[in-house]
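I have placed the structure first, in the form of structure tokens, so that the comments after it can refer back to it.
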Amino acid sequence: MEVRSLNLCFLLVLVLLMSPAPTAVAFSPEDCLDDVGWILICTKPTCKFSCWTSRSVNKGRKMQDYWCSDSNTCHCVFCTGD
């Protein structure tokens, strides 16, 4: 594979990881938000990175937890308060 094509593929993967599509949003009684996003390959580190990049959308909330429910779905829990 050509270097230019490889760089383009790498940038495409980064763009897909940085812009998860929120498919489900639910509030819990503790005023927490479960942000569900699709990423290419969901592992603990890629899910954490995806949640870290989506913090800009959830300003004023702290990341409480994150996990993968299957190979492509990442859950990020953002809560208000301490």
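Glycine is no exception: its Cβ is also placed from the backbone N, Cα and C atoms.
What you are looking at is a predicted structure, and each value in this text was computed from that prediction instead of being measured.
The annotation signal peptide is assigned in Swiss-Prot to 1-26.
Residues or ranges marked as disulfide bond by Swiss-Prot on the basis of similarity to another entry: CYS32-CYS79 (among others). Other Cβ atoms within 10 Å of the Cβ of CYS79 (disulfide bond), summed over all protein chains shown, number 16.
According to its DSSP assignment, CYS42 (disulfide bond) is coil. Long-range Cβ proximity for CYS42 (disulfide bond), meaning a same-chain Cβ under 8 A and a gap of 6 or more residues, is found for CYS68, SER69, ASP70, SER71, ASN72, THR73, CYS74. Marked as disulfide bond by Swiss-Prot on the basis of similarity to another entry: CYS42-CYS68 (among others).
What Swiss-Prot records for CYS47-CYS74 (among others) is disulfide bond.
Same-chain residues at least 6 positions away in sequence with a Cβ under 8 Å from that of CYS76 (disulfide bond) are, in sequence order, ASP34, ASP35, VAL36, GLY37, CYS47, SER50, CYS51, SER54, MET63, ASP65, TYR66. Among the features that Swiss-Prot reports, disulfide bond is placed at CYS51-CYS76 (among others), with the record citing similarity to another entry.
Counting only same-chain residues six or more apart in sequence, the Cβ atoms lying under 8 angstroms from the Cβ of CYS32 (disulfide bond) belong to GLN64, VAL77, PHE78, CYS79, THR80. Remark: of the disulfide-bonded residues CYS51, CYS68, the most isolated position is CYS68 (fewest other Cβ atoms within 10 Å of its Cβ). Counting other Cβ atoms within 10 Å of each Cβ, the disulfide-bonded residues CYS47, CYS74 show the lowest value at CYS47.
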